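**Student:** Okay, so Swiss-Prot annotates it like this:
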BINDING   81, 82, 83, 84, 85, 86, 87, 88  ATP binding site
């Protein structure tokens, strides 16, 4: 089928490139029904959220099941500077090129940004320049309420944990059981549906509460949660460093049930990772129920279903499972869905959005999705976690590179967010670029190992010179890239990524290998960790005493067959953010090991990970305001 001829908008680009919000505000978005119609979606396939957003219903998949999938493209990058190298911008620019200039059916699949960093240091995540998702204020704030649903679900579970411990501390086994299974007016007791899951887990094959022995009553009614083992924390979608460590239960009515806990940012919740990795409503119900919140004092894992909550959480999340349809500046469709952390989770948008998109574009169409952080983290997790659960295979993997980042990897001065760039980054230095290309080469070699064709997108800045750009192209081709293309989509929109679009099309059409995972699932947790560490260039792995204990615990509990999601710095292949280039021969330290059992992965912590960001001295919110005459948002970046 042809391209998005009905909805394509040609941009009038200005030089120098105006602020992102000014570009976004200058373009009148199309009604989302027009974008939907171009994907052959009829009104029964989606729910409108205002004029520019719609939730695409999962039921669409039933109708398009027989359609052949389009091409699947993942966008990763080299090890970034703190300024970012433009993965989101490249993802959007490429899709604008494919849809608006190369007449292809295309859908962009992106993560939903967290509101916290939008007001903090990072700003928004809608792309930039003339490659953006619009309306950008709606994209960056609230969207269709998915993160609010995650916050509500997460905190309901947190409340249930503390309350259950409180009630168990003040009641006998018999009193607990009587309240959990109260008799009806006829004096008859029954188990509600979710209780049958707990009975099955305990190996109690009885359907009548009155048939339970006193021992079975105790086992069923008393979860006996070990407070020191609780891993579930409360969340909110605000950067608030003062909530990182708090104590709860200080009130006079809580009978001294005080414990230390803390808040994470909402997108760090396991429920967000569940949303991203789920394949259907039924699958989401199972994953939410399997989430482990801690252990009993006997060392047994306690789940959301044990607390009686799996069904209620699914009800709170039932609309959040539907991806949100939006558009780019040039009128090509975007599915925004899920935004898990890229360190303690896998940092990719949802499986269901990708599956819907691949059917909607059909054979010869393109679905382009972005993987958070550099390819060592984002693309690795995309392949070994996301593709393992989805069963999908990408034909092409893009590695976004900038001259700026390569100069840093070649030994250039430190790049610090919020500080002016050193002169080395603004003047020609081919030697510095060439030295830094060891980083690019390792990303290409690692990504190629999965079986996809690798295309390097060189995101060009105005200070880059021809000699520097040519050095990057040569290094990319020498390392085994399928192609390496210079792009100017930030300054020119889709027009600036046409060559990239052509290269990606050729790469997809010429893929010859199946997807190869880095490790099988049936080896030990340690063997999987070591396989990933080897891809970083590590000579070995060192485990803390805590990590050893946790690996033993998760293996004993039956979770050793899960994939591994490494939580490490994005600023180096190694655990040390200051080590640039392509370090090797180092020992990777594993400080702790945790599990997102419902989402379906074990995550080792390499170093310290903050799951609740703070605000800088001058947060982005200083610049954000509303034009009260037009109702337009100003200053959002």
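In case you wondered, yes, glycine gets a Cβ from its N, Cα and C as well.
Could you place these features in context, so I can see how deep they sit and what lies close by?
**Tutor:** Sequence-distant neighbours of residue 81 (ATP binding site) (same chain, six or more apart, CB under 8 Å from its CB) are 402, 404, 405, 408, 415, listed in sequence order.
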**Student:** Given the binding-site residues 82, 84, 86, and counting only Cβ atoms in the protein chains shown, which has the most within 10 Å of its Cβ?
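**Tutor:** Counting every other Cβ within 10 Å of each candidate, the maximum falls on 86.
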**Student:** Setting 81, 82, 83, 84, 85, 86, 87, 88 aside, what same-chain residues sit with their Cβ within 8 Å of the center of the Cβ atoms that define the ATP site, listed in sequence order?
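**Tutor:** Going along the sequence, the neighbours come out as 77, 80, 402, 405.
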